[in-house]
């Protein structure tokens, strides 16, 4: 996730610190008011999750059953850590027996059972470091990575789709057979080459927009279920696209 470190923001102001309205632009004031009144933000605070994004993963899992039985999980773009919290609980991960590896270029407060790497996933050393941290083939690769937005929709889409593609190829490289891949993408179309690659390597590929994803947001999630293994038949015919929900 492309978010500020926990406990503060890029301005250095502590979370929860009151700000004089006169110093805020109208758009910033509206964002703060929406955030404070967001029922998912309130639920996250009540249930101990670090971000409302936890409910996106939980809602997707409620329908698609991707978390049950997972023994190892890799979380890409993990900060501030709500998906890693869920992953650690699902895998019964502990500091003595860590089964979750997470990565983000932003800081992230420690989570019991999660090995966190503060580095850019696009760093050439990142994939190998994650493999070593997880200690075996993961059953799930999660990616909530998104490039910082520029305000230009096409540019933002291209940059985030690049992260999605890199994450997808990493998933195919490391997943255990039968594993799943879930990644953030933006509305505007998923590149055909990426969809074809996923269709060749997974048994089902769908686009998902959970209810907890804000209606005005362009984000969606690409879910690839049932990894066929690295010996998938080359003769498998790729589908034309992913189903949408």
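The backbone N, Cα and C atoms fix where each Cβ goes, and this holds for glycine too.
As the structure is a computational prediction, the values presented were derived from the model and not from experiment.
The active site, proton acceptor annotation in Swiss-Prot covers 184. In the three-state DSSP scheme, residue 184 (active site, proton acceptor) falls into the strand class.
Per Swiss-Prot, S-adenosyl-L-methionine binding site is recorded for 81, 83, 104, 120, 144. In the three-state DSSP scheme, residue 120 (S-adenosyl-L-methionine binding site) falls into the coil class.
What Swiss-Prot lists as compositional bias 'Basic residues' is 11-25.
What Swiss-Prot lists as region 'Disordered' is 1-25.
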DSSP says residue 81 (S-adenosyl-L-methionine binding site), in three-state terms, is coil
